[in-house]
Amino acid sequence: MEDYEQELCGVEDDFHNQFAAELEVLAELEGASTPSPSGVPLFTAGRPPRTFEEALARGDAASSPAPAASVGSSQGGARKRQVDADLQPAGSLPHAPRIKRPRLQVVKRLNFRSEEMEEPPPPDSSPTDITPPPSPEDLAELWGHGVSEAAADVGLTRASPAARNPVLRRPPILEDYVHVTSTEGVRAYLVLRADPMAPGVQGSLLHVPWRGGGQLDLLGVSLASLKKQVDGERRERLLQEAQKLSDTLHSLRSGEEEAAQPLGAPEEEPTDGQDASSHCLWVDEFAPRHYTELLSDDFTNRCLLKWLKLWDLVVFGHERPSRKPRPSVEPARVSKEATAPGKWKSHEQVLEEMLEAGLDPSQRPKQKVALLCGPPGLGKTTLAHVIARHAGYSVVEMNASDDRSPEVFRTRIEAATQMESVLGAGGKPNCLVIDEIDGAPVAAINVLLSILNRKGPQEVGPQGPAVPSGGGRRRRAEGGLLMRPIICICNDQFAPSLRQLKQQAFLLHFPPTLPSRLVQRLQEVSLRQGMRADPGVLAALCEKTDNDIRACINTLQFLYSRGQRELSVRDVQATRVGLKDQRRGLFSVWQEVFQLPRAQRRRVGQDPALPADTLLLGDGDAGSLTSASQRFYRVLHAAASAGEHEKVVQGLFDNFLRLRLRDSSLGAVCVALDWLAFDDLLAGAAHHSQSFQLLRYPPFLPVAFHVLFASSHTPRITFPSSQQEAQNRMSQMRNLIQTLVSGIAPATRSRATPQALLLDALCLLLDILAPKLRPVSTQLYSTREKQQLASLVGTMLAYSLTYRQERTPDGQYIYRLEPNVEELCRFPELPARKPLTYQTKQLIAREIEVEKMRRAEASARVENSPQVDGSPPGLEGLLGGIGEKGVHRPAPRNHEQRLEHIMRRAAREEQPEKDFFGRVVVRSTAVPSAGDTAPEQDSVERRMGTAVGRSEVWFRFNEGVSNAVRRSLYIRDLL
């Protein structure tokens with residue numbers, strides 16, 4: 001050992017202290033130089049080393065010679081080598097080469113996994129701690145039998161320091177072990193050995209340490225394990241491809257069987273070997289196939305089926321079955337309810353009347369299209385498909401949101417309802433289902449309406465619908481008459497594009513699914529898929545998804561794909577699968593703001609005990625939330641999902657003062673008004689300066705109202721109308737001001753702006769327009785009263801004001817100021833000043849009209865007067881008698897100014913007949929007979945026409961049609 005320790009002088013101290021015992025064992029194993037009896041060399045050319053000794057011996061060729069082992073070796077080591085040489089049979093072990101020096105380089109290249117070993121002992125530890133290798137007798141006792149050939153063959157390689165003492169102070173190199181720590185803190189290592197008496201253990205015991213199963217494994221995984229893993233992956237890949245192929249063949253076969261299957265035949269249940277659920281959605285797999293499997297409302301199902309059956313006469317040629325007469329009691333009751341005053345018919349009664357109504361002249365229903373409306377996920381599309389197949393149609397589905405072009409929309413509708421493809425699979429007529437019709441533009445809806453409004457023949461034969469005999473060229477150009485039913489599906493029936501369609505459609509409101517029926521269906525799905533779920537848990541899932549069938553089934557499939565075979569309430573609360581971003585109604589948002597939630601009605605999706613579900617909008621931090629915090633987040637989410645913030649704020653403003661206020665000092669009202677002002681400031685800043693990042697704060701206004709005014713009482717909420725009324729009144733006031741300003745004289749308008757009139761002048765002007773006048777004739781007025789009346793008339797004409805007579809709903813006549821500037825400057829709640837009497841207003845109105853005519857005649861006289869010597873018009877009074885050319889003519893009358901072009905054609909005076917020389921021709925008149933009255937009539941008409949030119953009364957005939965009350969009036973009565 002001394003020579004051996006001298007040769008290790010170049011090795012680090014920590015390595016020597018850690019592997020001292022192992023290095024000594026390796027040196028003793030390499031020291032056996034006894035030649036093998038067979039004389040076969042240890043290694044063969046070209047063969048890689050397989051054992052630890054071969055790896056050490058292979059390094060001899062490349063290493064330099066080292067001095068032999070020291071003579072002072074222990075006698076125990078020599079005796080061990082002699083026993084090992086005696087135990088080896090002939091030809092079992094090859095002759096090892098002569099040892100030159102310890103192969104430290106080979107030892108360094110080996111992975112002893114030092115990170116798993118204990119810290120090396122201190123250098124001054126006693127060498128007696130090293131456990132010597134076991135003797136051959138110990139090996140024989142260990143295996144329970146004498147030295148056999150196989151045991152002798154493996155004796156040298158299986159020698160281990162733990163053979164004599166299984167408890168080691170250092171981890172073994174070539175064995176699997178476990179470490180144990182005593183109560184005093186001493187670490188010990190135990191070697192793992194298999195049971196030698198068990199079948200198949202000896203082979204594994206011989207090969208595992210040396211074939212990659214022990215600590216000398218370079219890859220970490222044996223080659224056999226790698227091969228087995230690769231084979232398993234290849235086998236799994238082949239199984240998946242075979243499963244896909246079988247699923248494809250199964251789907252094709254099921255489609256053919258469904259097409260060839262007669263109506264109402266039961267479907268075959270899939271076998272257990274077909275794991276179709278792992279490759280398809282459960283929503284499609286468990287979708288209803290028959291009428292009896294539907295979960296929707298029975299009344300809705302029957303109404304849609306009855307409407308489809310109304311097409312049987314046109315599509316199938318089947319006569320409509322006659323209805324059985326109802327008992328005599330029920331019609332009397334219905335008629336009594338219908339004839340009751342103020343009794344409105346229910347929606348069900350209206351639908352029944354529409355279905356019982358007769359057909360149109362073309363033997364089609366009066367409503368050519370059915371419109372299903374309701375929230376998403378309730379099964380509207382499934383209902384349309386099942387009902388159409390149940391009625392004997394082949395369903396053709398199109399999505400209106402995808403085909404938004406009007407031409408494409410028309411082509412798809414005509415191809416499904418009028419072309420040769422009206423016969424679908426199996427010779428069945430088509431039924432067109434248009435999904436998401438609320439997403440179609442107005443132009444596409446107009447195309448659908450034009451197809452629905454095409455008129456057919458008015459005469460129908462007894463054998464069925466009559467075929468147009470002639471004149472069908474224009475109808476064929478339009479596309480022909482609609483002879484197939486169309487079912488439209490929408491989520492929002494109040495979309496602007498559906499206003500015209502709803503008036504002609506058979507409207508069906510899709511109610512929510514009953515929770516009991518939905519829970520039963522979900523339990524059937526979970527049982528068939530091997531998933532355990534309690535009915536209470538499924539009810540919680542239905543409540544979380546608002547009874548959405550699609551969301552519930554998709555949530556179950558998602559949890560099942562994650563390996564959950566048992567569903568609990570905590571899983572339902574923690575998951576967010578199935579939640580949809582759906583816009584809430586305005587009334588539901590206002591109800592959420594003004595009413596406190598019930599204690600037992602706890603939202604499933606907002607459990608405060610879950611750290612990942614404290615808020616629907618984000619993950620949030622862990623911790624519990626109080627009830628006030630939950631209400632805060634719930635109202636905030638409802639306000640953010642409403643989508644119409646202005647309408648929400650208007651509803652809050654119109655309804656918060658109608659609630660039961662608990663604050664007698666109205667402090668909550670003041671705080672609410674401050675929040676409303678803050679919301680207006682945010683909206684103005686966001687839209688005027690385009691600071692749209694401020695729009696994240698307005699949803700907090702409903703939260704503040706909830707904190708201030710929420711109570712347990714059910715609020716009476718009305719739709720907001722104050723904003724619309726204020727806008728209408730504002731536009732009315734602007735029109736009044738514009739009308740007033742446009743009628744003011746230019747001299748007055750130049751000194752009065754609209755704002756100055758509204759704020760300063762109009763209030764005082766109303767006092768000026770209400771003088772104290774006696775309700776008597778103007779001839780009885782004094783000079784002062786006449787001047788006051790003339791000033792009043794002049795002021796009203798300057799501001800274009802007058803009094804108009806109107807009739808009130810009671811039948812009384814009043815005079816109202818026009819334009820009514822009193823509405824601009826006086827509030828309706830304030831007491832009005834003492835108004836003028838009816839006679840006074842009538843007198844003022846008459847004087848205003850007379851003054852208007854006087855001014856109009858004066859202006860017309862000035863305009864029509866001729867110019868004298870180039871002097872401006874209006875100076876004829878000054879220059880009337882001056883000059884030879886000055887001619888003074890009387891001003892034309894009022895009717896002459898308006899009908900001047902007519903007066904030119906009329907004869908003013910009867911001119912005497914003259915001859916060629918200008919002499920008046922005198923004709924002799926014959927005496928008329930007694931019965932001849934025609935000349936007298938002619939003379940009367942001639943005199944009448946002559947008098948028309950001199951008369952002050954004119955009339956004008958207006959062509960057209962009038963429904964007014966008329967009476968015969970002769971011209972002679974006017975003259």
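Note that the numbers count up from 1, one per residue, in the order the chain is shown.
Each residue, glycine too, has its Cβ placed from N, Cα and C.
As recorded in Swiss-Prot, the features of this protein are as follows:
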BINDING   GLY374, PRO375, PRO376, GLY377, LEU378, GLY379, LYS380, THR381  ATP binding site
COMPBIAS  58-77  compositional bias 'Low complexity'
COMPBIAS  122-136  compositional bias 'Pro residues'
MOD_RES   THR51  phosphothreonine
MOD_RES   SER64  phosphoserine
MOD_RES   SER225  phosphoserine
MOD_RES   SER871  phosphoserine
REGION    30-83  region 'Disordered'
REGION    114-141  region 'Disordered'
REGION    246-276  region 'Disordered'
REGION    320-346  region 'Disordered'
REGION    858-896  region 'Disordered'
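Least packed by the Cβ count within 10 Å, out of the binding-site residues GLY374, PRO376, is PRO376. If you measure from the Cα atom of GLY377 (ATP binding site) to that of SER225 (phosphoserine), you get 50 Å. Of all Cβ atoms in the shown protein chains, 16 besides its own fall within 10 Å of the Cβ of PRO375 (ATP binding site). Sorting the recorded positions SER225, THR381 by the number of other Cβ atoms within 10 Å puts THR381 first. The ATP site is set by GLY374, PRO375, PRO376, GLY377, LEU378, GLY379, LYS380, THR381; from the centre of their CB atoms, other residues of the chain with a CB within 8 Å are ASN491, PHE510, ASP548, ILE549, ARG550. Cα-Cα distance from PRO375 (ATP binding site) to SER225 (phosphoserine): 56 Å (rounded to the nearest whole number).
Spatially close to LYS380 (ATP binding site) yet at least six residues away along the chain are LEU372, GLY374, ILE489, PHE510, judged by Cβ distances under 8 angstroms.
A separation of roughly 53 Å, to the nearest angstrom, links the Cα atoms of SER225 (phosphoserine) and THR381 (ATP binding site). Other C-beta atoms found within 10 angstroms of the C-beta of LEU378 (ATP binding site) number 24, with every protein chain shown included.
Sequence-distant neighbours of GLY379 (ATP binding site): residues of the same chain at least 6 apart with a C-beta under 8 Å from its C-beta are PRO288, LEU294, LEU295, SER296, THR513, ILE549, ARG550. The local packing around GLY377 (ATP binding site), expressed as other Cβ atoms within 10 Å of its Cβ over all shown chains, amounts to 22. Following the DSSP three-state reduction, the secondary structure of GLY374 (ATP binding site) is coil. Look at GLY379 (ATP binding site): DSSP puts it in coil.
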